[in-house]
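Participant: Okay, these came from Swiss-Prot:
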- 1-159: domain 'Obg' (DOMAIN)
- 160-328: domain 'OBG-type G' (DOMAIN)
- 166-173, 191-195, 213-216, 280-283, 309-311: GTP binding site (BINDING)
- S173, T193: Mg(2+) binding site (BINDING)
Amino acid sequence: MQFIDHATICVKAGDGGDGIVAFRREKYVPAGGPSGGNGGRGGSVILVATEQLQTLLDFRYLRLFKAQDGERGGPKGMTGASADDLIIQVPCGTAVYDAETDECLGDLTSAGQTLQVAQGGKGGLGNQHFLSNSNRAPEHALPGLPGEERQLRLELKLLAEVGLIGLPNAGKSMLISVLSAAKPKIADYPFTTLVPNLGVVRRETGDGTVFADIPGLIEGAHRGAGLGHDFLRHIERTRLLIHLVDLTAEDPIADWRTIQAELKAYGRGLSDRPQILALNKIDAVLDEDLSFWQAEFQALTPVPLLCISSADRRGLDALLRLVWQWLDELDAAAELSETRVLN
């Protein structure tokens, strides 16, 4: 399945039905009063989040969505039928923007959550509404109002608590496959991972935490280089980042600086997100070299540092203990903040 995480669509709500001009035509009442009914309401366009979709692929092929118009009014004061709303399903995690103003209209993060993106037009008034002492036989009615129309930009941001970041071939896919049941494509060359991979890592209690392997981050990713521009947005929802650095690379420190610079350049608070630095592939590094790199990175950054190997699982238990500790502390801080607001 092709992973599509952004799309632009046009939505058009239904127009309201027209009011009509009609008069009572009853036996023994040759000149009855006005009886034209109102038009029905046009259908609105509503997005609803569902767990049954994982990408925005469908919106690459169907980009125009139009709700039905309301029906015109009828004689004898009958109101025209209102149109049904048009329901459009989107994946959980879809952020919705007005494509022209860039205004965020809503963020659909949980199944069943809805967002009205275009309101149906009101029905027009029939001539019975214009009866007055000075006009006993009004000959005019109002047309229905047009429904809203707008261009929408949809962006799918993965719902993961922990994001794995690093240059291509840093070992992110291997790590997520070892920690979870995910089965990403893995090979010894850059850009093996072309789409974000999700994996659920479970604690001893059975509770699951979603990890995301974010692919394609290279120098210039925030400007669209490599695969990074499209996928940096997926880090936005994460609460904790694990930055993997390949110790077998030519210059691990330069690699670390590259990713940190991209997070800062992208903005939106990514560079301030809590991080764990994981020096990876220690199974292929001499002990004296490992000690050297540990000292170098500890002098470079204050973030927690661990040495790991997905190949022989060294350091992975310690990594998970640190992840759970961080997440628990973030939960406690969020609860404390919420309590202060309520008080």
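Just so you know, glycine gets a Cβ as well, placed from its N, Cα and C.
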Participant: Show which residues of the chain containing K281 (GTP binding site), separated from it by at least 6 in sequence, have their CB under 8 Å from its CB.
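Facilitator: In sequence order, G171, D246, L247, T248, S309, S310, A311 meet the Cβ cut-off.
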Participant: Neighbour count, 10 Å Cβ-Cβ cut-off, for G166 (GTP binding site): what number do you get?
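Facilitator: Total other Cβ atoms inside 10 Å, all chains included: 26.
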Participant: Between S173 (Mg(2+) binding site) and P215 (GTP binding site), what C-alpha distance do you get in Å?
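Facilitator: Their Cα atoms are separated by 9 Å.
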Participant: Counting other CB atoms within 10 A of each CB, which of the binding-site residues N169, S173 comes out lowest?
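Facilitator: Counting other Cβ atoms within 10 Å of each of the binding-site residues N169, S173, the minimum falls on N169.
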Participant: For the domain 'Obg' (1-159), provide the mean pLDDT of the predicted model.
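Facilitator: 91, rounded to a whole number.
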